[in-house]
């Protein structure tokens with residue numbers, strides 16, 4: 001089904017490049033996304049036959065555009081039985097082009113909701129000078145997205161984090177948090193009433209960037225994050241870039257390791273019962289000729 005002509009698809013793909021290179025890129029992204037959706041059980045099968053509804057978060061960055069496009073292609077081809085609602089949270093950052101996303105979504109015939117919440121002022125007021133904005137900004141954004149999802153009757157909030165985000169988070173937790181953890185592809189929020197999905201979990205950042213650029217999507221940079229130097233994530237990204245440059249394919253090897261954990265070969269007694277290890281009850285005795293007792 002993925003070999004259909006590009007013109008016979010959702011408007012998000014209309015005008016896509018007809019090059020062999022782009023077609024291979026598109027098919028790879030679609031394949032990896034479908035793989036993650038199926039592997040992590042993201043689609044609910046409801047007894048009443050109704051379709052689950054997903055809130056697809058759209059920031060205006062390359063990753064969220066790629067996410068929206070690939071989910072709509074899967075749905076268009078009958079491979080994703082869900083209803084999709086795109087959502088942009090305008091957080092009141094100075095210079096944010098408020099009309100870009102609504103106009104784009106209208107043109108692409110995508111159902112959407114645009115929400116304005118001035119979290120920018122809260123972040124600037126609460127975060128001390130010299131500290132990073134990302135943690136508080138993300139927490140405020142996530143809270144608003146959960147609220148919107150509930151108001152719209154959605155069962156899941158869908159985010160555009162990709163393979164490289166997941167790797168970077170793993171190493172940030174390793175280097176700065178002293179734990180082995182990262183962004184999971186699927187989780188339930190603390191309240192227990194919403195799923196959080198990351199369908200691009202297997203997709204490389206470079207592929208998202210190539211795709212969004214080739215499609216000429218109107219990219220909106222995050223000037224708030226980009227205005228800060230020395231961010232931990234940026235430092236980790238530079239380390240991973242160096243490793244990848246020295247050993248091409250290193251990122252994918254490390255990512256596969258996250259899918260191949262061996263608790264018995266780590267050191268966390270909460271994950272593996274080391275105290276319960278026991279030797280097999282093997283009888284090592286052998287029959288020997290009885291030696292007469294000396295008198």
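One is the number of the first residue shown, and numbering goes on along the chain from there.
For all residues, glycine too, the Cβ spot is worked out from N, Cα and C.
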Query = Do you know which of 59-64, 65-70, 71-76 Swiss-Prot annotates as motif 'PP-loop motif'?
reply = 59-64
Ask   = How does the model score the motif 'PP-loop motif' (59-64) in terms of mean pLDDT?
value = 94
Key: Which of 134, 137, all binding-site residues, has a Cβ with the fewest other Cβ atoms inside 10 Å   = 134
